[in-house]
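K.L.:
Below is one structure. I have some questions about it.
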C-alpha cells in the first residue's frame, strides 16, 4: 500500500504537536524524578488524552470527506508518533545509557497490518523489537516500558522481541512470521538493525521461495473465505476477512511484493501487473473498504469487522447514502459494497493471470501444482477457429476476435460449457475489457440469443452464468438483470444478493431435474412430466423471477412486464412468453397459500385452482416455488414446507381435472399410512391401526414422515408417564431453531397460552404447526429461535415453558404476572415493517380469514391471539410463519356464535385494533 510521506502525514495529523508533547514529557520527567511508576502513569495519561483528541478529529474528518484511506493513514501516523514518544521517554528518562554498548541497541518495527501504514481506529498494533543478539536487561526494560505505556492507554498490542538471526530462522519455517516481516516498517531506534533484517530477509528467505509463498497465501485465503462465508454476496459480510474484503486486497499485495519485489502499490503499474484502469480500481476498492471499516470501528467503539444488519443503516448514513424510489439508503450502500467485492475478485483473477504468464518464462513463480503440466499443448476448440484450449482452459485464438464478431462474447461461455472447459484468466480479462461491445445489435442478434438459451438450459449452467455475471456480460446482455447485480434486500430472510439468489436457483433447478435430491422429490417428479417444450420456459422464469426487485412497484408484476419484452428476443413464441410472464407474476402465490392458508378448507383449494387454471401451469409453478425457497439460503427449505406444497398440489389437482387426479386423496392417505407403517416398525399392527385412527386426514397429508415418527413416540411416552401435559424438545441445526412439540388437552386459549409461555421465557416463535387428535388432544409443534449454544441450556428453557403452560392451565399462574416488557431485539431494531391486516371471507365458506403482517418481536403471537380473543372471536386454526424480521400470521376465526364476520363496521374495528397492536412494536434506528 502507498504510505504517507512525512510531509503528507504531518499535514494530515495536524493537531498532534509532537514537539509540544516532547516538552510536556520532559516536564513530567522533571516533576516526577525518582518516581518511575508515577512518571510512567503520567506519560500514559498524557498520550491517551492526545490520542483521544486525534480520534475525535479523525472521525469528524471522515464524516465530512469520507476518505477512509486518508483516515487510516492519519491514525497510523499518530500511532507511530506515540510509539516514538514512548520509546523516547523510556530511553531518555527511564533507562538512559549515555554510552550504549553494542548490545544496548534496539529497532522498533511495525509489522502485520500496522506495518502497511494504514490503521483502523480499533485495530491491533503489531510490534517487533529487533535486538542485535540475545535479550539483554536493557532491551527487556525498554520493550516493557513501551508495552506498558500502550496497554495503559487501552490499546491492543501484539509483540515479539527477537534478534535478527532468530527473526530469519522463524520466517523460514513460519508463514505468519514471514508475512509479518514482509510488511515490516521501521518506526524508531537503530535503523541499521532494521536494514540488516530486511536485507537478509530478501536474500535468505524470499529468494527462490515465491511458489511456496503464493501457494500458502492462496490456501490461507480459501480457508479464510470458508470461515467467513464462501460467497462474496452474503448479506452480512465481514469487511476484513470476507470474500472480496480488505484481506483479499492485502493478499494481492503480499503476493505482488513477494513475487515482484515491489514496495508500493503504484509499482504494480510499472511491473505491468495492472493497467491504469485496474490500478484505479485497486485504489478505489481500498479507499471504499477502509471507509466502511473505519466507520464500523468508530460507530461501535470496538474492532467490529462484520456489517451486521443493525450496523448497515448507520454506516449507510455515515457514508452519505440516500433513499431512492424502490431502494432504501442502506440497500444502495450495500449494493456499492457488493460491487466493490466483485471488483476485488476481478483483481485477484488478473493477478493470477499475470503470475501464470510469468510461469511460461524462465523465472520460477508458481508451484508445479499451479503450472502447466509437462507436455501440455495448445489446440483448437472443436467446431471453432476463434478459441483455443490451453491446459484444459478456453482462451482466445486472437486478441481481436471479440471486436471482429461480438457474438463471440456469448459463444465463449457456451463453448466452455459444451466442452467442459475452465476459463483461462486471460480470456476473462479480455471479456471484461470488451463489455462495451455488447450493444443493442448484439442483444437482438438471433445467434447470440440462441446461444444464451443453450447456456441457460445445459449442464452446469449455474457455474457458467456466475462467470458471465462476474465478468459483466450477463448484466449487459440482459439489462434488467444488470440492474439487480449486487443488489441486497434489507431484510433478515434473504441470505444472498438478488443476482446470486437467481443464479443459485438455476443450480437448484438443475438438481431438481437430475432427481438426485429426495428433499425436492415432488418437484423432481413434476419436472419429468412437464411438456418438453416448456423446459426453456421454467428455466428463463427461474432466472428472471426476481429481476424487477428494487423498483417502486410490485416486483412480481414489474418482472412479468420485463419478461413480456425480453422473451420474444430470446426466441419464445407468444404463448410461451405469456406463460413465463404468468409464472413470474405468480411466483410467490403457491408458497403463500401453502404456508398461510387452511389446506383442509375446500374454498382454499378452489381459489388456488382458479389462479393456476391448468395442471401444467401448476406443475411449473410448483417447480419454480421449490427452487425459489431453496435458493433463499441454508435452512429455509424444510420437510414441513415440502409436505405443505405436496398437499396443496395434490388437493388442487382433482379440481383442475374435473375429479381426476394422478394420485387422488384416498390414494394419498393410503400411501401416507403405508409409508408410516413401513418406517415405524416398533409397534404391532393393532397398535398402529389405533394410532393412525387418532389423527385426522389433514395430519397424515400435511406432516412429514420424520415428524410423524417423532410424534408417535412422544404420544406413547406421554401415555406411559401419565402426564396430561408433556413437551418434547428437538433441535434443528439447519434452521437454527428449537422445536417444542406440546401435547395437552385441547383448550380454546391453548395457542395463546403457549405463545405467552414462550414469550415469558424469552422464546421467539418463528413457526407453528397446530393439530388436534380425534380424541381431543392438541398436538402443536412450535419452532422458537435458538437462544443458547448448548442443547442443555435450550432444554432447560423448554422445561420452563412447559412449567408455565401447566401452571396457567391449572389456574396456578396468570400470564400477565410473568410476561416481561420486551422490545424488539437488537437484530430487529434496524427494520421497519409496515403493519398490514387483511380480513376477507373469500378463502373459506365457514370462517373469516384474518391475515396480519408486521415486524416480529418477542411475544407477538401471544399479543395477537389475546387481542383476537378479547375481540370476542374464536380462533379455529392458526398458520404462523416468520420470514426474517417479518411475521406473517393467519387466523381462521368466527364470532362466538360460530358465524363469519361479515359486517364492514365489525371488520374495520378488528382491523384498527390489530394494526394498532402491530404498530406499537415497529422500530428503526
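From the backbone N, Cα and C atoms, a Cβ is placed for every residue, glycine too.
Not my notes, these are from Swiss-Prot:
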- 498-621: domain 'HD' (DOMAIN)
- 739-820: domain 'ACT 1' (DOMAIN)
- 849-925: domain 'ACT 2' (DOMAIN)
- 1-382: region 'Uridylyltransferase' (REGION)
- 383-738: region 'Uridylyl-removing' (REGION)
K.L.:
Would you mind splitting the domain 'ACT 1' (739-820) into helix, strand and coil residue counts from DSSP?
P.N.:
34 helix, 24 strand, 24 coil
K.L.:
Averaged over the whole of the region 'Uridylyl-removing' (383-738), what is the pLDDT?
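P.N.:
Across the residues of the region 'Uridylyl-removing' (383-738) the model's pLDDT averages 91 on the 0 to 100 scale.
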K.L.:
How does the domain 'ACT 2' (849-925) divide up by DSSP, counting helix, then strand, then coil residues?
P.N.:
27 helix, 28 strand, 22 coil
K.L.:
Count up the helix, strand and coil residues in the domain 'HD' (498-621) according to DSSP, in that order.
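P.N.:
Counting residues per DSSP class in the domain 'HD' (498-621), I get 90 helix, 0 strand, 34 coil.
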